[in-house]
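Following: one structure in structure tokens, then a few remarks.
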Amino acid sequence: MSEYLLLLISTVLVNNFVLVKFLGLCPFMGVSSKLESAIGMSMATTFVLTLASILSYLVNQYLLLPFDLGYLRTMSFILVIAVVVQFTEMVVQKTSAALHRALGIYLPLITTNCAVLGVALLNVNEKHDFIQSAIYGFGAAVGFSLVLILFSAMRERLAAADVPEPFKGGAIAMITAGLMSLAFMGFTGLVK
């Protein structure tokens, strides 16, 4: 049980996919200007990352490995991710049309979010079992959500702050992301 807790903590804080592995930067920078959009994107990405991680494990274990089709791994994982994203988009559209409009193009772009594919491929490389794959996917999603929500809250405050003209917009956003990354480096010794 403690092994699973350590895996979750290390995935969320120590090996954060956005700040340490630099995966998922497109939605991180694109959706983080408003807190409401960031929360919606976080929920959608959490659902997609967790479910895609589980389904990718099952596809790998029960289709690719038994039939020696490892060379189709990346393509099959992208197909799994696309199906999960389409399902998520249909659910979001039915439950909250306002959220669907707020997320706009970023919801279908979860398909091309490298963090989702990265989690699926890293599960295979790390040789995680089913439960570890689910925890790793969920931990990556929680870490992504945590960073995205914190960053969007900071960007909203920065939009109202008196920032020098050369630093407005993307420049101050990148500086803030770098400072967040430094802050998360403080968790490095937390899990061995």
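Cβ from N, Cα, C; glycine included.
Proximity of distant same-chain residues to the transmembrane segment (5-25), defined by a Cβ-Cβ separation under 8 Å and at least 6 residues beyond the stretch ends, is recorded for 45, 113-116, 118-119, 132, 135-136, 138-140, 142-144, 146-148, 177, 180-181, 184, 187-188, 190-191. The feature transmembrane segment is assigned by Swiss-Prot to 5-25 (among others).
What Swiss-Prot lists as transmembrane segment is 39-59 (among others).
The feature transmembrane segment is assigned by Swiss-Prot to 65-85 (among others), with sequence analysis given as support.
Residues or ranges marked as transmembrane segment by Swiss-Prot: 102-122 (among others). Outside the transmembrane segment (102-122) by six or more residues, the chain places 17-18, 21, 23-24, 26-27, 30-31, 34, 36-37, 40-41, 44-45, 48-49, 52-53, 56-57, 73-74, 77-78, 80-82, 85, 88-89, 92, 136-137, 140, 144 with a CB less than 8 A from a CB of the stretch.
Summarising the annotation, Swiss-Prot assigns transmembrane segment to 134-154 (among others) and lists sequence analysis as the type of evidence.
If you look up Swiss-Prot, you'll see 171-191 (among others) marked as transmembrane segment, on the strength of sequence analysis.
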